[in-house]
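Here the structure is laid out as structure tokens; the discussion comes afterwards.
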Protein chains: 2
Amino acid sequence: MRTLTIKPKAITHNLNQVKKMAPQAKVLAMVKSNAYGHGVAAVLPALQQADGIGVATFIEALEARQLGWKKTIGLVEGAFTADEWQQAIEQDISCVIHHEPQLEWALDNIPPANSATRVVWLKYNTGMNRLGFNAESVMTAAKRLHEAGYQLILATHFANADNRTHPLNSKQIQRFTNVLKALRETISANIKGSLCNSAGIVNFSEHHHEWVRPGIILYGSSPVIDKSAHELDLQPAMNFSAQIIALQTVSANDAIGYGSRWVAQQDTKTALVSVGYGDGYPRVVNGDAYVSVIDSTNNRSYLCTVIGRVAMDMIVIDVSAVPEDVALLDSQVMLWGDAPHIDEVAVHADTISYELLCRVTMRPKRIQA
Amino acid sequence: MRTLTIKPKAITHNLNQVKKMAPQAKVLAMVKSNAYGHGVAAVLPALQQADGIGVATFIEALEARQLGWKKTIGLVEGAFTADEWQQAIEQDISCVIHHEPQLEWALDNIPPANSATRVVWLKYNTGMNRLGFNAESVMTAAKRLHEAGYQLILATHFANADNRTHPLNSKQIQRFTNVLKALRETISANIKGSLCNSAGIVNFSEHHHEWVRPGIILYGSSPVIDKSAHELDLQPAMNFSAQIIALQTVSANDAIGYGSRWVAQQDTKTALVSVGYGDGYPRVVNGDAYVSVIDSTNNRSYLCTVIGRVAMDMIVIDVSAVPEDVALLDSQVMLWGDAPHIDEVAVHADTISYELLCRVTMRPKRIQA
């Protein structure tokens with residue numbers, strides 16, 4: 001059975017790691033894209049010690065409210081329409097305001113004084129060049145919002161925080177710091193700041209400001225290029241496993257799978273595992289990609305390379321080095337989780353763990369550990 | 001709103017194309033992996049003229065029965081356990097038998113004479129080297145199953161049918177034809193054959209035998225490397241779209257997105273589209289990947305390249321060549337569907353349409369056209 005095991009305790013552990021790294025800041029825990037594929041219903045109870053959650057769409061915000069989340073919800077791209085702004089007020093959601101139309105919606109339709117929607121995350125574009133006001137217009141926007149009674153959090157987003165020495169980081173930090181200082185001096189000393197995603201939390205501890213916005217780090221992946229999840233004491237929150245459904249020995253010179261891409265150099269013991277890209281395992285992995293066959297009796301596991309093309313419903317693995325009483329029909333195979341770590345799988349798939357997590361399909365059975 | 005529009009009429013059209021190409025054969029329409037991501041509930045009504053459906057897991061088979069599918073269901077990897085074999089009998093499911101354990105389950109537990117489970121798809125490994133008996137053991141297995149009262153369909157699977165001139169194709173065809181002939185001569189003239197997936201249907205019309213097993217072709221993608229979906233008169237069954245949520249002009253030398261991978265050569269009008277890998281758009285696309293901005297008033301569309309890194313919740317596109325009254329806030333953007341065709345997107349993402357279809361996440365709203 002293809003199985004996705006979600007570990008809420010790992011998420012709580014990882015949240016605590018964030019709190020240790022950013023002890024002064026409030027935490028907006030990112031649960032967009034169905035909590036990075038983990039399932040928002042499974043994840044919210046593990047985030048009770050967060051100060052708020054962040055989502056990308058109004059539907060995600062609504063889902064969290066329906067699941068009983070009472071604290072802050074930050075809509076990180078803001079309302080998409082004037083109508084969504086009105087709905088945000090009704091659901092007490094705090095919105096990003098990143099361009100003029102959103103500013104006008106907010107000024108035309110001011111929520112009640114006690115509404116969470118009175119708190120807005122004003123987005124300043126410091127170099128990501130996707131969302132946000134420029135330095136001049138952000139000052140004007142802030143002034144107008146403040147005068148209309150909004151409480152402001154100045155927010156920006158790093159483009160390269162994973163790579164601490166990238167030259168854009170210091171520029172983004174400098175621009176943000178300058179504007180925040182100017183806003184506090186000219187508009188209100190109460191304006192808050194939010195600069196750091198997961199990578200920023202790790203790499204720029206002196207710039208955490210009032211709110212940090214951890215995402216991937218909560219799910220147990222490393223957000224930075226020079227430290228592993230293990231080095232950051234993070235726990236993977238998702239185990240993705242399947243089972244061996246056939247065993248065979250292929251002869252030397254036999255090819256396996258679509259495109260006959262892998263050719264046996266010698267007689268090779270292989271196992272067929274009932275999982276594929278139809279479950280969310282990436283179709284394109286390089287020849288070094290591996291999974292682990294679990295020996296549950298002895299609490300051991302054996303790394304096995306994935307050979308041939310990943311298909312929709314199955315992969316073939318080389319079990320030559322696995323004891324015969326371990327590589328059996330029905331034996332459990334871990335695609336990612338405790339081992340291999342998803343960050344390693346991502347490298348073999350030329351992507352990042354974020355994408356693998358989000359794109360697991362609905363076919364695997366979902367359980368919680 | 002991220003939207004996935006499923007077009008059952010396109011699927012029926014594509015099924016009719018299959019029937020035209022293989023007029024003598026019965027059709028086992030593949031609906032595994034949630035009907036290649038289209039949603040099995042939306043797809044089954046469009047397949048009423050198929051003779052059966054194919055699924056990869058027992059849960060998928062059960063789901064189809066619960067949705068009211070009364071005709072043949074083929075479980076293409078067969079039962080995974082003796083217990084699943086028993087459940088297959090209870091649900092009248094026809095199973096592949098590809099190795100000794102499945103053979104023993106079938107011989108130990110023979111379904112009633114009128115059960116669909118009396119029909120088995122006996123898998124012969126002709127060169128894919130994933131599943132199936134070899135030439136010698138398949139004869140023995142066939143004899144034992146026949147004597148136990150089973151009706152047999154000899155089945156195999158091409159490794160390279162998309163590439164008509166690949167040398168393995170003729171070998172697989174020859175092996176299959178030889179064994180089928182021998183089975184008919186020595187065991188029963190009533191043994192059927194099934195060789196062709198979508199690509200086989202297109203490329204090997206003289207080898208359709210009694211059952212063909214179309215998959216990707218039903219969903220409107222080309223299964224072969226030398227003919228487009230258009231040339232095969234197939235209709236895409238999924239439109240994937242989203243909306244522009246911000247517009248801006250980036251200055252020359254400004255970089256966009258994570259990793260600052262894309263740098264503007266000149267001042268460039270860009271649009272932010274609310275879709276990303278968290279919705280199932282592939283994260284890794286090359287610099288030629290494009291989407292289309294829809295001008296619904298004039299029933300036109302404008303191709304725009306995707307610039308910078310695809311993120312979880314958004315992409316940036318170059319709208320320099322789109323009229324200002326078309327590239328507007330809320331304008332619809334098509335990721336794949338009528339244009340660009342998903343086969344083109346797959347090329348830019350270094351994969352095949354099958355994977356893109358299966359790995360759309362649950363975030364986009366699903367509707368039918």
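Using the three backbone atoms N, Cα and C, a Cβ is placed for every residue, glycine included.
As the structure is a computational prediction, the values presented were derived from the model and not from experiment.
Per TrEMBL, the features are as follows:
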{"type": "ACT_SITE", "residues": "B:K32", "note": "active site, proton acceptor"}
{"type": "MOD_RES", "residues": "B:K32", "note": "N6-(pyridoxal phosphate)lysine"}
{"type": "BINDING", "residues": "B:R130, B:M312", "note": "substrate binding site"}
{"type": "DOMAIN", "residues": "B:237-369", "note": "domain 'Alanine racemase C-terminal'"}
{"type": "ACT_SITE", "residues": "B:Y258", "note": "active site, proton acceptor"}
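B:K32 (active site, proton acceptor) sits 18 Å from B:R130 (substrate binding site), counting Cα to Cα. Close to B:Y258 (active site, proton acceptor) in the fold, though at least 6 residues off in sequence, lie B:G308, B:R309, B:A311, each with a CB less than 8 Å from its CB. The number of other Cβ atoms within 10 Å of the Cβ belonging to B:K32 (active site, proton acceptor), over all protein chains shown, comes to 25. Neighbours of B:R130 (substrate binding site), defined as other CB atoms within 10 A of its CB across all chains, total 24. For the domain 'Alanine racemase C-terminal' (B:237-369), the DSSP counts in helix, strand and coil order read 16 helix, 50 strand, 67 coil.
DSSP gives B:K32 (active site, proton acceptor) a helix state.
Close to B:M312 (substrate binding site) in the fold, though at least 6 residues off in sequence, lie B:G276, B:Y277, B:G278, each with a CB less than 8 Å from its CB. Secondary structure at B:R130 (substrate binding site), taken from DSSP and collapsed to helix, strand or coil, is coil.
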